[in-house]
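Student: Structure in structure tokens, see below.
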Amino acid sequence: MVLSAADKTNVKAAWSKVGGNAGEFGAEALERMFLGFPTTKTYFPHFDLSHGSAQVKAHGKKVGDALTLAVGHLDDLPGALSNLSDLHAHKLRVDPVNFKLLSHCLLSTLAVHLPNDFTPAVHASLDKFLSTVSTVLTSKYR
């Protein structure tokens, strides 16, 4: 999926509002995913998955940092996310559907925290962005 110039502008503007909260939003999205889609917990058997756990917060920061990296490289997502794609495909072997589930939870989290900025156009752009990130992360599964 190709991001238009308007999509890129919307994604950058929305992510600038996230600011230093990317890790917190990432952790909240993970908690939403674990609650809404309990089968996703199987990838984290060694984690304390309780609300506010240090392990979920740490992984949320990794998610937030990866998305911040992606926002900074909208014109070369495959290059920017290559190592992360390798990790998830070859070492962690995460089922690709889980990226879609996390994307859904990220959109929900952003909508809750950025209600005035989460317009239909921004929602659509963020959805396209997260879909593109998911596609890149699963590209090495083949």
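Glycine is no exception: its Cβ is also placed from the backbone N, Cα and C atoms.
Heads up, here are the entries from Swiss-Prot:
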type	residues	note
DOMAIN	2-142	domain 'Globin'
MOD_RES	K8	N6-succinyllysine
MOD_RES	T9	phosphothreonine
MOD_RES	K17	N6-succinyllysine
MOD_RES	K17	N6-acetyllysine
MOD_RES	K41	N6-succinyllysine
MOD_RES	S50	phosphoserine
BINDING	H59	O2 binding site
BINDING	H88	heme b binding site
MOD_RES	S103	phosphoserine
MOD_RES	T109	phosphothreonine
MOD_RES	S125	phosphoserine
MOD_RES	T135	phosphothreonine
MOD_RES	T138	phosphothreonine
MOD_RES	S139	phosphoserine
Student: Cβ distance under 8 Å to T138 (phosphothreonine), same chain, sequence separation 6 or more: which residues?
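Tutor: Spatial neighbours, sequence-distant, of T138 (phosphothreonine): S85, H88, A89, P96, F99.
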Student: In the structure shown, which of the recorded positions K8, K41, H59, H88 has the fewest Cβ neighbours within 10 Å?
Tutor: K41
Student: Measuring CA to CA, name the entry from the modified residues K41, S103, T109 that ends up nearest K8 (N6-succinyllysine).
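Tutor: Considering only the listed modified residues, the nearest one is S103.
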Student: Roughly how many angstrom lie between the C-alpha atoms of K17 (N6-succinyllysine) and S125 (phosphoserine)?
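Tutor: K17 (N6-succinyllysine) and S125 (phosphoserine) have their Cα atoms 15 Å apart.
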Student: DSSP says what for the domain 'Globin' (2-142): how many helix, strand, coil residues?
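Tutor: Reading the DSSP string over the domain 'Globin' (2-142) gives 111 helix, 0 strand, 30 coil.
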Student: If one measures from the C-alpha of T109 (phosphothreonine) to the C-alpha of S139 (phosphoserine), what distance in angstrom results, rounded to a whole number?
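Tutor: Rounded to a whole number, the Cα-Cα distance is 26 Å.
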Student: What is the interatomic distance between the Cα atoms of S125 (phosphoserine) and S103 (phosphoserine), given in whole Å?
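Tutor: Roughly 13 Å, rounded to the nearest whole number.
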Student: If you count, for each of the modified residues S50, T109, T135, S139, the other Cβ atoms lying within 10 Å of its Cβ, which residue has the minimum?
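Tutor: Counting other Cβ atoms within 10 Å of each of the modified residues S50, T109, T135, S139 gives the minimum at S50.
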Student: Could you check which of the recorded positions (T9, S50, H59, T135) sits closest to S103 (phosphoserine), going Cα to Cα?
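Tutor: Nearest by Cα distance to S103 (phosphoserine): T135.
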